[in-house]
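Notes follow the structure.
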Amino acid sequence: MDSYLLMWGLLTFIMVPGCQAELCDDDPPEIPHATFKAMAYKEGTMLNCECKRGFRRIKSGSLYMLCTGNSSHSSWDNQCQCTSSATRNTTKQVTPQPEEQKERKTTEMQSPMQPVDQASLPGHCREPPPWENEATERIYHFVVGQMVYYQCVQGYRALHRGPAESVCKMTHGKTRWTQPQLICTGEMETSQFPGEEKPQASPEGRPESETSCLVTTTDFQIQTEMAATMETSIFTTEYQVAVAGCVFLLISVLLLSGLTWQRRQRKSRRTI
């Protein structure tokens with residue numbers, strides 16, 4: 001029964017003349033290790049009146065809170081009230097059917113963030129005040145034009161490549177959320193930034209790839225030394241061969257000179 005009443009409220013709100021709010025069909029996109037939060041809520045946003053375990057809405061209580069107002073002031077209509085449940089099974093979920101309307105959920109950020117003071121803009125409501133025995137998680141139904149901001153959870157660091165925000169837009173008659181440009185990585189993974197010195201690791205604690213690089217470098221040095229030694233030995237051998245050739249040539253010249261001198265001596269004797 002409560003689900004049908006909520007659906008009737010949604011349809012009535014959308015069909016009332018002058019109300020141009022269009023509900024977003026999907027949830028804001030999810031980013032690993034990040035949460036999103038709205039700094040302010042556009043007029044037409046609805047918040048389910050959910051109670052924590054062991055409590056339920058009072059029978060005459062509102063099913064949801066609605067952000068309404070005019071050009072100068074916006075506020076939340078209705079009030080959520082919870083009372084103790086008589087039995088465990090009397091608590092009812094105040095959410096529309098999945099095929100009719102999906103739930104909009106937000107999670108508290110790890111630290112406050114105020115990128116834009118949207119609450120001061122016309123047509124926006126601030127965060128609704130808490131009510132007694134409220135559920136731990138709030139379920140919103142966002143409208144077109146709503147903006148949510150993303151932040152990395154504790155233990156992760158943001159690597160911005162663009163705006164860390166998402167906006168619900170209407171495109172070709174269908175609603176869609178823009179994709180936030182945010183990447184969250186572990187602090188250990190992003191500790192090394194340009195300009196930071198990387199700690200020196202001992203050879204024993206180095207990975208196998210680094211050890212193989214060291215072995216390869218050592219082998220290369222050994223091969224270089226061997227090549228240099230071989231070149232030196234080759235050069236020495238060539239030098240020895242050249243010296244031997246010069247000595248052989250000198251001896252040959254001396255022998256030829258001796259033979260020539262002997263022939264001249266013989267000719268001179270015959271002439272006498």
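Just so you know, glycine gets a Cβ as well, placed from its N, Cα and C.
Quick look at what Swiss-Prot lists:
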| type | residues | note |
| --- | --- | --- |
| REGION | 87-123 | region 'Disordered' |
| REGION | 190-212 | region 'Disordered' |
| TOPO_DOM | 22-240 | topological domain 'Extracellular' |
| TOPO_DOM | 260-272 | topological domain 'Cytoplasmic' |
| TRANSMEM | 241-259 | transmembrane segment |
Averaging the pLDDT values of the topological domain 'Cytoplasmic' (260-272) gives 80
The DSSP breakdown of the topological domain 'Cytoplasmic' (260-272) into helix, strand and coil residues is 12 helix, 0 strand, 1 coil
Within the same chain, the residues 6 or more beyond the ends of the topological domain 'Cytoplasmic' (260-272) and with Cβ under 8 Å of it are none
